[in-house]
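Structure record follows, encoded as structure tokens.
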Amino acid sequence: MSIVNVLYKTVLKRPSRFFVVVAVTSLFFERTVDIGIESLYDRINRGKQWKDISSKYE
Amino acid sequence: MTSSTFSFFKAASRWSKNHKFFLTSFGVLAGGGSSIIYALEQSIHASNDAAHVAKQKWNHNGWFDTLDHASVRRGWEVYKNVCAACHSVEYLAYRELVGVCLTENEAKAEAAEQMIEDGPDETGAMFKRPGKLSDLIPKPYPNEEAARYANNGAYPPDLTYITQARIDGENYIFSLLTGYMDPPAGVVLAENQHFNPYFPGGAIGMAQALYDEIIEYEDGTPATQSQCAKDVVTFLKWCAEPEHDTRKLFAMKAFTILGVLNLVVWYLHRHYWSVMKTRKIFQSPKSLFKK
């Protein structure tokens with residue numbers, strides 16, 4: 001049984017399950033993307049943003 | 001299976017006349033339109049007698065690069081101490097500097113140094129009070145006439161959105177500020193005009209504003225002319241695009257999410273076409289596109 005079949009049987013076949021899975025994965029997907037991208041962005045721009053230098057002036 | 005049996009995919013041969021006509025005109029219009037825009041844009045450059053500006057390596061140039069906020073902070077110092085004598089940034093409020101190049105207390109203190117007109121009070125008179133965070137940065141002149149009168153008829157434009165208001169904004173302003181020179185032989189300047197090859201026409205009403213050591217930076221950076229110009233331009237860039245950093249962060253997020261969605265679309269594409277691509281018998285529906 002391919003992975004797609006498993007996916008179909010367990011998730012997609014019943015709309016009730018499907019909607020629950022959509023809601024839960026979007027929650028985690030969004031948090032992962034947000035946290036991941038933000039930390040990557042802060043790494044690319046290390047030392048340039050205000051939050052990196054503000055401690056010198058407070 | 002030869003390609004001719006695959007005639008289902010030669011869709012265009014079955015389109016109606018109107019359909020073809022519509023698509024052809026659309027193509028011609030789109031292509032022609034873009035060529036005209038391209039040609040017009042070129043002639044703007046060609047008709048300009050100003051020197052071409054050098055492209056600087058701004059460290060906010062990359063797709064995902066934020067502004068250098070230490071530079072924005074120094075740029076605000078330059079603006080405040082030099083440019084503010086003639087130029088306003090009238091759409092900018094003190095509160096907007098908080099968290100960008102000043103702490104809240106610094107911004108409050110700087111605002112409080114300015115006397116702002118407020119009122120009317122209960123007698124109907126206007127009065128002056130120390131500035132607050134919500135106040136706009138005070139203008140050097142009350143109106144355009146006063147500004148022109150003080151500058152021999154030349155109007156120092158508002159700088160809030162200036163990097164957006166000039167072609168190649170940041171590079172142009174940097175070149176302009178650092179590009180002053182003696183007029184070449186044969187160029188006659190009116191009184192109170194200065195020669196700058198980057199300014200269209202060459203004769204500009206603004207005297208050279210930046211010199212080495214014209215101010216002293218509080219963070220100890222050597223205040224050379226080009227350093228001051230770089231910093232003030234970075235500040236003006238932020239001024240014109242305060243959403244700059246957030247925009248680039250969102251671009252990164254958007255590309256990531258679109259990348260994931262792309263995978264889904266790619267899979268769906270394979271899925272739908274698998275039926276078509278694996279079948280052995282083909283029909284050729286003559287009436288699909290044509291009445």
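Just so it is clear, glycine is given a Cβ too, placed from its N, Cα and C backbone atoms.
Because the structure is a prediction, the values reported are computed rather than measured.
When the candidates B:MET126, B:MET181, B:MET206 are compared with the heme c site entry in TrEMBL, which names B:CYS83, B:CYS86, B:HIS87, the shared residue is B:MET206.
For the transmembrane segment (B:249-269), the list of distant contacts is 63-64: same-chain residues at least six beyond its ends, Cβ to Cβ under 8 Å. Counting every protein chain shown, the Cβ of B:MET206 (heme c binding site) has 20 other Cβ atoms within 10 Å. Listed in sequence order, B:PRO140, B:ALA147, B:ALA150, B:ASN151, B:PRO156, B:MET206 are the same-chain residues at least 6 apart in sequence whose CB falls under 8 Å from the CB of B:CYS86 (heme c binding site). The residues near the heme c site, meaning same-chain residues not in B:CYS83, B:CYS86, B:HIS87, B:MET206 whose C-beta sits within 8 angstroms of the mean position of the site's C-beta atoms, are B:VAL82, B:ALA84, B:ALA85, B:PRO156, B:LEU159, B:ALA209, in sequence order.
Taken over all pairs of the listed heme c-binding residues (B:CYS83, B:CYS86, B:HIS87, B:MET206), the Cα spread reaches a maximum of 11 Å, rounded to the nearest whole number.
Residues belonging to the domain 'Cytochrome c' (B:70-222) score a mean pLDDT of 95 in the model.
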